[in-house]
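Report on the following structure.
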Amino acid sequence: MTNHVVLYEPLMPANTGNIARTCAGTNTVLDLIEPLGFQIDNKKMKRAGLDYWDRVEVRRHDDLADFLGKLGPQDELYLISKFSSRNYAEVDYSATEKNYYFVFGKETTGLPETFMREYEERNLRIPMSDNIRCYNLANSVAIVLLEALRQQHFAGLETTHHYENDKLKDNYQRSSRYERNLGGE
Ligand SMILES: C[S@@+](CC[C@H](N)C(=O)[O-])C[C@H]1O[C@@H](n2cnc3c(N)ncnc32)[C@H](O)[C@@H]1O
């Protein structure tokens, strides 16, 4: 199983840089549908993705048709759009034999209407109030991707890690002392 974040014609380098960082941290493939609104080595994008750009698998596609033409029978496509009335959190993303492709729209105009109509039952909404027009692109990616990963039990990711300067290390020692004391030792 592989998760893919697909960005349709992204415009803002800082968003794509942030998304690249999230993809690097979650072993997610980043698919970019051209044209992009920036050069891939743009300083702003690198700054947003810090040192992580070379740790993410990036696949570039000439256009939407090129991307769609490469999908196979095991690939599950989801279009992430506020116009849907299907809640993204109510979909099952846990089939290990499938690859999940989450397609996000351009910062200004979202996804093309024809594409959304063609795959109508595949559109998903992130619930939100009408105080805002929509969520930020990079935040939308994190919301949907982390729900898929949660359902996949964060497979392949570290749920804990030993750090040299562990800020909670003393807490662990204190709490295990506390538990020993409760046990009457
Ligand atoms: C800044 S929004 C662009 C909104 C654009 N005006 C539109 O009509 O979709 C960028 C992308 O974030 C995602 N997004 C933002 N808010 C969302 C929501 N509430 N539900 C689903 N996707 C959302 C969509 O993929 C959207 O295309």
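Note that Cβ sites are derived from N, Cα and C of the backbone, with glycine treated the same way.
Checking the candidates G49, G105, G156 against TrEMBL: the one annotated together with I80, I126 at the S-adenosyl-L-methionine site is G105. When other Cβ atoms within 10 Å of the Cβ of G105 (S-adenosyl-L-methionine binding site) are tallied across all protein chains shown, the result is 23.
Among the binding-site residues I80, I126, the residue whose Cβ has the fewest other Cβ atoms within 10 Å is I126. Mapped onto three states, the DSSP output places I126 (S-adenosyl-L-methionine binding site) in coil. Same-chain neighbours of the S-adenosyl-L-methionine site beyond I80, G105, I126, judged by a C-beta within 8 angstroms of the site's C-beta center, are, in sequence order, L79, S81, K82, Y88, F104, G110, L111, L124, R125, C134, Y135, S140, V144. DSSP assigns G105 (S-adenosyl-L-methionine binding site) to coil in the three-state reduction, outside any helix or strand.
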